[in-house]
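Chemist: Input: one structure, supplied below.
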Amino acid sequence: MEPGIRHGRGANGSSVKVLECGVCEDIFSLQGDKVPRLLLCGHTVCHDCLTRLPLHGRAVRCPFDRQVTELGDSGVWGLKKNFALLELLERLQNGATNQSGMAEDALKGMGELTHSTRTLAKHRRVPLADKPHEKTLCPQHQVHAIEFVCLEEACQSGPLMCCVCKEYGKHQGHKHAVLETEANQIRASILDMAHCIRTFTDEVSEYSRKLVGIVQQIEGGEQIVEDGVGMAHTEHVPGTAESARSCVRAYFADLHETLCRQEEMALSVVDAHVRERLIWLRQQQEDMTILLSQVSTACLHCEKTLQQDDCRVVLAKQEISCLLETLQKQQHQFTELADHIQLDAGIPVTFTKDNRVHIGPKMEIRVVTLGLDGAGKTTILFKLKQDEFMQPIPTIGFNVETVEYKNLKFTIWDVGGKHKLRPLWKHYYLNTQAVVFVIDSCHRDRLMEAHSELAKLLTEKELRDALLLIFANKQDVPGAVSVEEMTELLSLHKLCCGRSWHIQGCDARSGTGLHEGLDWLSRQLVAAGVLDVA
């Protein structure tokens, strides 16, 4: 539809032509939301309807022929008004105003003529909108008009009443108000409500327009751009959804590429292991073949000697003794070799968190145990190693033990925690994969000292990639600081931000919590699904 012409009736009954929007069918106005604006295709739509059209990038489509019109920085306000239509509308309105003025003058003269008598001379002329309403009569006392409103909350009758109802009827003694006053108060509240509703409607409309814009930004759309020679053409503008998908694809493409490189490296490690193992096995095959040949030769020589006469047997005694001695040495070497080497075709493979492959029954992990003196580091070490409690003895220097857990072999370095030994900690950082920091939960007065040493520890470059396991020891002692309170007091979330860490409550005497800490280390070091349950 295009802007149409609608016929109405003027005040004197003549036909008046008015122009209306082809979308909302409301009459165009000279200004405001209904002002007519021109689209690039030549169609005219009111300003209000243009603001409701969905955006396609920075353009709108004509609701009649779907032609695209590009919007500037000022949006719909930047579109030109249809001045020819505005001029025609102004002429039509002026003509209707003149006709309505003539009719009003005629009616005014007629009214003055009919009210010229003495009886009607006291009447006054008011606008039709200001004409007072006729008073409503009381349904109970029909000769009396309703003048009051009952304000009694417990009243079972209707709120309207006349003077008789107020003084003698059902509303006798009730609280009341004058009808006109109460009605004016209700009208005022309705006007306030209408104002609030209009404000609310404007807010909802604005929010809806923003939603349309957000949806358009997410989905993307078409935009009209000009090339170097001034020719306009439509160009697709990607939305945020497409950008997010591109980001995901790029991330996983890089991840796939990284995984392919890691797979090639892991396969090369397996191939090298298989190659070396096959070389060793084939060498063992050759050695066994030579050994069998030597044993067979010795057996044949012994059989020949047995068949000879006594003199020859006696003369061959020394040679036979040397031969038997050689066979016994070879047998002893073979027995030792068979005891130390298990012939197994299996190739145990373990993957670390960074997708590196380890071949062998146990993956070795280097761990350094640190903490203040008296925290229980050595007690924890020997409880894990021998499952027995050792009386705490100050460590002078270090202790080192190997602890096997599941398919991991932890080489744990327990370094003394006295103040004079702490500067020596840095000599144990090289190639460390995990740090176990032990804190005495009983001594609240030393927590800040432990916090200071831990903070220094976390600034070391050589420990940047190392895991951090914090043992809150002596949790069995009454009054010990809980794990949650210690985490808060030491600000561990802030202190350990950016690294893999865990705090575990434990008791070195009974071993409670120690294996849970090793479980956490195992999960962090080894890829999921490859840990053997010991």
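Here, residue 1 is simply the first one shown, and the rest follow in order.
Using N, Cα and C of the backbone, Cβ positions are placed for all residues, glycine too.
Unlike curated records, TrEMBL annotations are generated automatically.
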Chemist: Please identify which of GLY239, GLY417, GLY513, GLY517 is recorded by TrEMBL as part of the GTP site containing GLY371, LEU372, ASP373, GLY374, ALA375, GLY376, LYS377, THR378, ASN473, LYS474, GLN475, ASP476.
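Modeler: Only hit among GLY239, GLY417, GLY513, GLY517 in TrEMBL's GTP site, alongside GLY371, LEU372, ASP373, GLY374, ALA375, GLY376, LYS377, THR378, ASN473, LYS474, GLN475, ASP476: GLY417.
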Chemist: How big is the gap, in Å, between the Cα of GLY417 (GTP binding site) and that of THR395 (Mg(2+) binding site), rounded to a whole number?
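Modeler: Spelling it out, the Cα of GLY417 (GTP binding site) and the Cα of THR395 (Mg(2+) binding site) are 8 Å apart.
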Chemist: Determine the C-alpha span of the GTP site listed in the record, that is the greatest distance between any two of GLY371, LEU372, ASP373, GLY374, ALA375, GLY376, LYS377, THR378, GLY417, ASN473, LYS474, GLN475, ASP476, in Å to the nearest whole number.
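Modeler: Maximum Cα-Cα distance: 22 Å.
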Chemist: Let's check the environment of ASP373 (GTP binding site): how many other CB atoms sit within 10 Å of its CB?
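Modeler: Here the count is 17.
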Chemist: Please report the distance from the Cα of GLY371 (GTP binding site) to the Cα of THR395 (Mg(2+) binding site), rounded to the nearest angstrom.
Modeler: 12
Chemist: Give the distance between the Cα atoms of THR395 (Mg(2+) binding site) and ASP373 (GTP binding site), rounded to the nearest whole Å.
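Modeler: With the alpha carbons as reference points, the distance is 8 Å.
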Chemist: What does DSSP assign GLY371 (GTP binding site), in three states?
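Modeler: Once the DSSP labels are grouped into three classes, GLY371 (GTP binding site) ends up as strand.
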Chemist: Can you give me the same-chain residues 6 or more apart in sequence from LYS377 (GTP binding site) with a CB-CB distance under 8 Å?
Modeler: THR369, LEU370, GLY371, THR395, ASP414, VAL415, GLY417, VAL436, VAL438
Chemist: Using a Cβ cut-off under 8 Å and a sequence separation of 6 or more, which residues in the same chain sit near ALA375 (GTP binding site)?
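Modeler: Counting only residues 6 or more apart in sequence, the Cβ neighbours of ALA375 (GTP binding site) under 8 Å are GLY417, VAL438, ILE439, ASP440, ALA450, ASN473.
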